[in-house]
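Participant: Starting off with a structure, shown below.
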């Protein structure tokens, strides 16, 4: 009797409401501590809106870069004029004029709203892709890029960047910074703060295709670092121009036809080189500007066609150029028959295969074959010069 009475009191005490509440509070406290601990690394890696620390060191570095550029040029006044002024020339800066109506806009530039369609490219499932380093535990530091994909628009730059991000020793910013063509006045501190954190031995990269056709870009990148490695994805200029037009047409259905934009005079067959879609493809003209500051050994030209037919081969060349181990190989790719270009079997930050989004692999409009042939005739001498300058025949007819 006494034993059963004792058990009854013990059971009543153990299931009392007070004990239950205390137990639940204790469990909630443990969960809260665990969640806080898990979030510390993520929160620490979030980019701050204002960087209050290291301002003195960064100011010193900026000052050093300026002095270094002056010393290298031997003509401080000449270097600064190249960096800060827009040269007076009849040659239009194709991409840099899109958002600057007060400067020399090409009179027939119908793609001014299409420059940034590749920014923050989405995969087919709508997931935006950002570098894994954005979700690190906050280790490492932000550095100015050691390598930049400088061009060309509609050449395959977005695909190349996303393929390169598979490499563990490459960290790249997702959106196009447009620092050396539009945002240069913001300063190197602003530019560096856009970059992901990297560890020792990792390479920081960015891509902005409009740099290749921006006159000021070579001098400005040289002033940042004369050792910067430059990557240019080039493509048959005729198919590139058609792709450029198709991108614009997808957003502006009322623009003139491709044929009417191509010619100044259809009867005489005179090509209108003021149209950006045509002008970008005169690669030899733009390369002349870059060779004033960088040797050919620091510029790698990637074939946009082979990036489709043999992505692993082209990625192998890029990894060699960057001094990295060949980690990205055939096993990382599969060919998407619907889109007509290769996709990653396993994209960065995902365990599933993914392709670039709906803006890639568009169906091109039907173009008059005579117009295409006239364009090929126009580009042929420029292509030959480009082959001679680069020492490589890209096989464009």
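Using N, Cα and C of the backbone, Cβ positions are placed for all residues, glycine too.
Just so you know, TrEMBL annotations are computer predictions that nobody has curated.
What TrEMBL records for this protein is below:
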TRANSMEM  21-37  transmembrane segment
DOMAIN    145-380  domain 'Sulfotransferase'
BINDING   154, 155, 156, 157, 158, 235, 243, 360, 361, 362, 363, 364  3'-phosphoadenylyl sulfate binding site
ACT_SITE  154  active site, for sulfotransferase activity
DISULFID  343-355  disulfide bond
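Set these features in their place in the structure for me.
Facilitator: On the 0 to 100 pLDDT scale, the model's mean across the domain 'Sulfotransferase' (145-380) is 93.
Within its own chain, residue 154 (3'-phosphoadenylyl sulfate binding site) has 235, 240, 243, 244, 247 as residues 6 or more apart in sequence whose C-beta sits under 8 angstroms from its own.
Cβ-based neighbour count (10 Å, all protein chains) for residue 343 (disulfide bond) stands at 22.
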